[in-house]
Amino acid sequence: MAERLSEEQIAEFKEAFSLFDRDGDGCITTMELGTVMRSLGQNPTEAELQDMVGEVDADGSGTIDFPEFLSLMARKMRDSDSEEEIREAFRVFDKDGNGYISAAELRHVMTNLGEKLTDEEVDEMIKEADCNNDGQVNYEEFVRMMTEK
């Protein structure tokens, strides 16, 4: 995953890693991570810090080394990319830009994609995604629908 990062990104992450690695030993401890996160206005619990370290601690050392840090950053970047793609897709469906996808908007986009759907099929799609039963799909509902496995 880290192999998809540019040299420029890797250099930036090396700089950030050095900020985290307060004692310069080449590893970030949960304590160092906590210090930096608090300086950035975050207030993680000890358990949250351990989870973050554990998420990328491939060698089980209890700390994050630079390759593990790169892996974490690459994953975070990939996650934010897909978030932007979902937002973009929502805008395509939300023709009038009111923050909701109506049955008419869904039918219009699906027809343009070459999908001939009956009114019942469109209504069923809306009903499936519409958690609060207001007859349309808001952004949160759309994200949930798009990210469900």
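Each position is counted from 1, following the chain as shown.
Placed from the backbone N, Cα and C atoms, the Cβ positions cover glycine too.
The domain 'EF-hand 1' feature in Swiss-Prot is assigned to 8-43; the stated evidence is sequence analysis. The Ca(2+) 1 binding site annotation in Swiss-Prot covers Asp21, Asp23, Asp25, Cys27, Glu32 and is backed by sequence analysis. As annotated by Swiss-Prot, domain 'EF-hand 2' applies to 44-79, with the evidence given as sequence analysis. Marked as Ca(2+) 2 binding site by Swiss-Prot: Asp57, Asp59, Ser61, Thr63, Glu68. The feature domain 'EF-hand 3' is assigned by Swiss-Prot to 81-116. Swiss-Prot lists Asp94, Asp96, Asn98, Tyr100, Glu105 with the feature Ca(2+) 3 binding site, giving sequence analysis as the kind of evidence. Annotated N6,N6,N6-trimethyllysine per Swiss-Prot: Lys116, in sequence order. Look at Swiss-Prot and you will find 117-149 tagged as domain 'EF-hand 4'. Residues annotated as Ca(2+) 4 binding site in Swiss-Prot: Asp130, Asn132, Asp134, Gln136, Glu141.
When the Cα of Asn98 (Ca(2+) 3 binding site) is compared against those of the recorded positions Asp23, Glu32, Asp59, Thr63, Lys116, the shortest separation belongs to Lys116.
It is Asp96, among the binding-site residues Glu32, Asp96, whose Cβ has the fewest other Cβ atoms within 10 Å in the structure shown. Checking each of the recorded positions Asp23, Glu32, Glu105, Lys116 against Gln136 (Ca(2+) 4 binding site) by C-alpha distance, the shortest gap belongs to Glu105. Of the binding-site residues Asp25, Asp94, Asp94 has the largest number of other Cβ atoms within 10 Å of its own Cβ.
Cβ neighbours within 10 Å of Asp130 (Ca(2+) 4 binding site), excluding its own Cβ and spanning all shown chains: 19. Those residues of the chain, other than Asp21, Asp23, Asp25, Cys27, Glu32, with a C-beta within 8 angstroms of the mean position of the Ca(2+) 1 site C-beta atoms are Phe20, Arg22, Gly24, Gly26, Ile28, Thr29, Thr63.
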